[in-house]
Amino acid sequence: MADKCSEGLLNGAVPGERGKQDKSVKRGNWGNQIEFVLTSVGYAVGLGNVWRFPYLCYRNGGGAFMFPYFIMLVFCGIPLFFMELSFGQFASQGCLGVWRVSPMFKGVGYGMMVVSTYIGIYYNVVICIAFYYFFVSMTRVLPWTYCSNAWNTPDCVGVLDGNLSSHAAVNLTHLLNATQKRTSPSKEYWRRYVLNLSDDIGNLGEVRLPLLGCLGVSWVVVFLCLIKGVKSSGKVVYFTATFPYVVLTILFVRGITLEGALTGIMYYLTPQWDKILDAKVWGDAASQIFYSLGCAWGGLITMASYNKFHNNCYRDSIIISITNCATSVYAGFVIFSILGFMANHLGVDISKVADHGPGLAFVAYPEALTLLPISPLWSILFFFMLILLGLGTQFCLLETLVTAIVDEVGNEWIIRRKTFVTLGVAVAGFLLGIPLTTQAGIYWLLLMDNYAASFSLVVISCIMCVAIMYIYGHRNYFKDIEMMLGFPPPFFFQICWRFISPAIIFFILVFTVIQYRPISYNDYVYPTWAISIGFLMALSSVICIPIYAIYKVCRSEGDTLLERLKNATKASKDWGPALPEHRSGRYAPAFSPSTESHLEVQPLHPEKAQSEAAAASPVQGSNGLAHSQDSRL
């Protein structure tokens, strides 16, 4: 009996009352906790795990890079991940609604929306290119295998052309020289056929119709998976979040059986301990942790807002963060086993074939696939994996924008029409992505990737930490978490949130500024006006914070600036748990004497309370009636 009472009290009920539901009928919740974990894993594990981490690892000391990487994971990655999950779950609001905690900082939420908009536009273009490669791989011979196509140049030398793979038939010196000077068929296919690349970012040229069609396909897929919000996306992630691991495992088993695979893996893991003292290595490790977990995008807050109030998000944050980083390490084995085989096949050092970004996904790796038996099969599997990895992140980016819009408007009309909001955002994303499918599209894509979601994320995250820990107050936030989870955040996380994580974030910001180099793409150097546009994109998200803060201070009550600041930073009256049954303690509604008769008090003995109603005071006599009215409501 005691256990049942305790369970009822956990959901806001009192003894003698039917237990209340720990779910939001209005906003909706995840079908179960597995859906949330898989969605968050799909959000955090993206294309960067496959093409960025392995490259950073071998560039920054191989196995030695793992040491600063895991240090940053423990002291920055997991604490920030836990903070965002707990923040969204406690208020059951998206990246805008949560800032009732300190209304002056709502600009942080708008900054998150701007960042998610930029990323959502160009991320789906990368997915559409993966779709294109996936479709063209359904053939007997991959189109980038040989140099006998109309788009190839005289400089093209394929690894399978002229029996280059036979060291006995060709002089080794000649082979090395040809390999170093050659233009690979996969590179020419990427630049001259798929992109039909123009010579300048300002020369848009024509829209590449095959890419435009694939962009439409990718947006339709994203919309259909989100047509019912988390109710539909929560079912889709059972496949999109788990199948990439199946493909990775298949490619790993195939990769390690190839000649030269061990050389590639050793190149990937061999520690160069002298680089541990290099600040650049620590900066890259911190940046990779920060960006790969998706902090400050708004997606984590949004996904957690659909959790039940008492869900153990502390446990989830550790599971998801470790899974994300383990996936990066695992993907490195897959990538470098294949690249080691390719380097062995060509007779060159692996550094000549290793690359990062689109160069690894759409040039180096596709070329390696042509050397495998039944190459179209491995190509289909690889690009299908890229599609699923990208979709997992894209789902959350789109849901972040839709949830923020719906929560901000907040009326019944828009809640019932959330599907149309999703459709509107998807159509807008498709239209804004069309310029990225032109002949200069890759230039704009890389510009957005390098500036729209770079140091602005660091600034947003730093201000979020300061606002929660020092404006709202760390003691208040720790009490909120204890109210939600049943225990306060561990002491380690308290220290990280207040001191260590903000310090690391500030270090990343300083390092990003010091390390800054103007963007370039292969031999193409971006003009000044394009870099200026990049900085404007970066500032467009950060500038939301001071603009909204000024607006809020001007609109706040008070005779002096100090009074206005206090009122602007003070938590709103509606800050706290979204459901009434969870608003206890300092979040319990305050009633005036005139409305006290409507206070919902649950009698332990309802029959006795009714019999004493006539002789009792107005408050006592209205208990049963008030409760029955509230129940009907």
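Including glycine, each Cβ sits where the backbone N, Cα and C put it.
As recorded in TrEMBL:
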REGION    1-25  region 'Disordered'
TRANSMEM  36-54  transmembrane segment
BINDING   Gly42, Val45, Ser292, Asn324, Leu389  Na(+) 1 binding site
BINDING   Ala44, Asn49  Na(+) 2 binding site
TRANSMEM  66-87  transmembrane segment
TRANSMEM  108-135  transmembrane segment
DISULFID  Cys147-Cys156  disulfide bond
TRANSMEM  242-269  transmembrane segment
TRANSMEM  289-306  transmembrane segment
TRANSMEM  318-343  transmembrane segment
TRANSMEM  377-398  transmembrane segment
TRANSMEM  419-445  transmembrane segment
TRANSMEM  451-471  transmembrane segment
TRANSMEM  491-514  transmembrane segment
TRANSMEM  526-551  transmembrane segment
REGION    590-633  region 'Disordered'
COMPBIAS  619-633  compositional bias 'Polar residues'
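On the structure: features taken from TrEMBL.
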| residue | record | Cβ contacts under 8 Å, 6 or more apart |
| --- | --- | --- |
| Gly42 | Na(+) 1 binding site | Val237, Thr240, Ala241, Leu389, Leu391, Gly392, Thr393, Phe395, Cys396 |
| Ala44 | Na(+) 2 binding site | Ser292, Leu293, Gly294, Ile320, Ser321, Thr323, Asn324 |
| Val45 | Na(+) 1 binding site | Ala241, Pro244, Thr323, Asn324, Thr327, Leu389, Gly392 |
| Asn49 | Na(+) 2 binding site | Ser292, Asn324, Thr327, Ser328, Ala331, Leu389 |
*Among the recorded positions Cys147, Cys156, Leu389, which residue has the largest number of other Cβ atoms within 10 Å of its own Cβ?*
Leu389
_When you look at the transmembrane segment (526-551) alongside the transmembrane segment (66-87), do they share 3+ Cβ pairs under 8 Å, ignoring any pair fewer than 6 residues apart in sequence?_
no
*Determine whether the transmembrane segment (36-54) and the transmembrane segment (491-514) share at least three Cβ pairs under 8 Å, counting only pairs 6 or more apart in sequence.*
no
*Taking residues 6+ outside the transmembrane segment (491-514), which of them lie with a CB under 8 Å of any CB in it?*
72, 75-76, 79-80, 82-83, 279-280, 282-283, 286-287, 290, 454-455, 458-459, 461-462, 465-466, 468-469, 474, 478
*Do the transmembrane segment (451-471) and the transmembrane segment (318-343) come close, with at least three CB pairs under 8 A (pairs 6 or more apart in sequence)?*
no
*What stretch, picked from 108-135, 242-269, 289-306, 318-343, 377-398, has the most CB pairs under 8 A with the transmembrane segment (419-445)?*
108-135
_Listed stretch, out of 108-135, 318-343, 377-398, 526-551, that has the most CB pairs under 8 angstroms to the transmembrane segment (242-269)_ = 318-343
*Using the centroid of the Cβ atoms of Gly42, Val45, Ser292, Asn324, Leu389 as reference, list every other same-chain residue with Cβ within 8 Å of it (recorded Na(+) 1 site), in sequence order.*
Val41, Tyr43, Ala44, Gly46, Gly48, Asn49, Thr327, Gly392, Thr393
_Is the transmembrane segment (108-135) in contact with the transmembrane segment (526-551), using at least 3 Cβ pairs under 8 Å (sequence separation of 6 or more) as the test?_
yes
*Which listed range (108-135, 289-306, 377-398) shows the maximal number of Cβ pairs under 8 Å with respect to the transmembrane segment (318-343)?*
289-306
*asked:* At a 10 Å cut-off from the C-beta of Asn324 (Na(+) 1 binding site), count the other C-beta atoms across all protein chains.
replied: 24
